[in-house]
Structures are given as C-alpha cells and as structure tokens.
C-alpha cells in the first residue's frame, strides 16, 4: 500500500511495483495537473481535469445562475477524480484500517471483509452527509413534485453535477482496486456485482436526466449500506455484538419499500403526466413509455434481487442459530449416562474395582463425564457477514 516504508524493493514498472506504489503514481499524476494551473499555457487544460465542464447561464427571477449539463468532457474530469479517490483510498487503508486490524488479529477472510467494510463505511458516511445536504438545499424533500416536474432536468446546479461525477469516479476506481488490493478470487464476483449495480444506476440517473430522483434513492440506499457495514465492523471487533444487524435488517426491508414506492410514483405516475413526452436525445428528453418501463424494470429487478439475497442470508443465519441452540441443549445428557453406568455395578467397592468405570483416562465413566471428542460440544460457525 502507498505511503509505507518498505525494506524490499521491486523492479521498476513490474507488477509488484505497480501494486505497492499505485497510490504514489496517482499522486504524481495529480500533482502534474495541479502544477499545470500555475502556467497560463497549460491552465486551460488543467481546468478541464479539475472543474465540471459545460456551464450555462440560466436566467432566473433574481438574475442569472450558472448551471451545467453533461457531455464527453466529463470523462476527463471523472478520470482525474479517479486518481484522487485512489489516493484517499490508500490514506484510509494505511492510517486507519491497517492500524485497527493489527490489534484485532483477524484471519485472512475476515481481514479482507474488514478492509472492504472499512472503506465503504467512510464512503457511505461522506456520501450520506453530502447527498442529504444537496437534497435539503435544493428543496427536493420539501417539494416531492420537483422530482418529476419540469422534466427533462438537463441543467444541473454545480453541487449536483459534482456529486454525480464523484460518485462515478468512486465506483470506477473500485474496479482496479480489486487488483491493487489483491482481493481473493472468491470475493471478486460478489464485489463486481454491487460495483456494476451502482455504476449502472448512478450513470443511468445522470445520463437520463433523472438526477433529482437518483439523489433521493441514493440517500436511502447509502443510509442502509452504512448501517450494514458499521454492524459488520462491530461484529469483527466483538463477535457477540450483533445488535446492529437487527437494526439493519429492519431498515433494509423498509428501504426496499420506500425505493420501490418512490420509483413507481415518480416514473410510473409523475413522468406519465408530464406534457412533453417525446424521445429527443439532443434535448435530453427520454420520457417515453418504453424508457419508463425499462427504468422501472431495472429498479424493481435490482430491489427484488437484493431482497432475495437478504432473505436467503437471514434464513441461513437462523438455521445456524437454531442448530447452535439445539447443540447446547444436548450437552447436559452426559452426567445422566454416567449415573446409569454407576447403578449397573453392585457392591460398595464396585466403582474402584471396575476398570471400565474408573475415572482414569479411558474408562467409561471418564468418557461419560469428560468426552474426549469435543464434537458434541461444538456449535455451528456463525455466519460470516
């Protein structure tokens, strides 16, 4: 990981060199762009990387305000913030997560999940705060009709467009991080699923000019995900602490319901009543019946898939919990067996004379009181969240 003192050196531009120095390489590229701001010749190109493009002055009642729309130059800005995100990822990993994981002494599997949840907790917390601020200041919560009124929402305020660019940069940076972090092969398909799912939804809301609805849905989704990864971090610190998982389970189902209701209300009913219903990509209008059905199908399918995985995980967890409880109930049966063995023998010195009933190792009484095989006392391993 970047910013570490190392005793071992790797060949220049080798695979291990890139993996262990990818954050430093990204920092050098970002520094070159920032240095370009100091010179008049390169300042215009440097601003192309740093600031959102396609600004337009929109007349309002108070004067003129600057808004933005999307275009091909956004890819350059997203590329720059991908490197910024890689640097921040390395800082969080090096100065926070690695220091905590050393004290917990986790296994390789738990260590990988701990790093994943640690990174996502920081991202989801910052995204929830930022998204909530944007939604409140733009008035999307106080006026739900604004989610579909005046569609298409081609012109975006600065903070809305910058938020979407940073979201795209984060989820795109997560793809090479699977290689840089040496994620286990068993974990890659699962992580690729939710990374691609977020990319499709964020990019779809941005390109289809559904940015207002996308902000509210992301706020709901990120709040639930923040609760889940916080619960998982607490579980790794103390395996008996599962209270937050109960809170997350309750919030998960409520969030699915709110997302589906809001999506059907805004897309199925709100956009269907808008006067301008024509397919015009040049003007950013995708308000047709086919587009609305495709978007609703995508949202409903994603929520159904998440709910199915949630139910499957909960059922498995409950089965393991009940098997653990049944194993604990069978433990007191050993002393009863020992008592029956004693009653079978006759005479006052039978216990001492009988080698089978001796408490010495190997005797039947010893085996009944102190089973050599702890298999009957073992419980099912808890679900690795």
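Backbone N, Cα and C atoms are what each Cβ position is placed from, and that goes for glycine too.
Copied over from TrEMBL:
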TRANSMEM  78-97  transmembrane segment
DOMAIN    112-321  domain 'TLC'
TRANSMEM  118-142  transmembrane segment
TRANSMEM  162-180  transmembrane segment
TRANSMEM  192-209  transmembrane segment
TRANSMEM  247-269  transmembrane segment
TRANSMEM  289-311  transmembrane segment
Non-local residues, at least 6 beyond the ends, that sit with Cβ under 8 Å of the transmembrane segment (118-142): 89, 92-93, 96-97, 100, 157, 159-160, 163, 167, 170, 212, 215-216, 218-219, 222-223, 225-226, 229-230, 233
Overall pLDDT of the domain 'TLC' (112-321), taken as the mean: 92
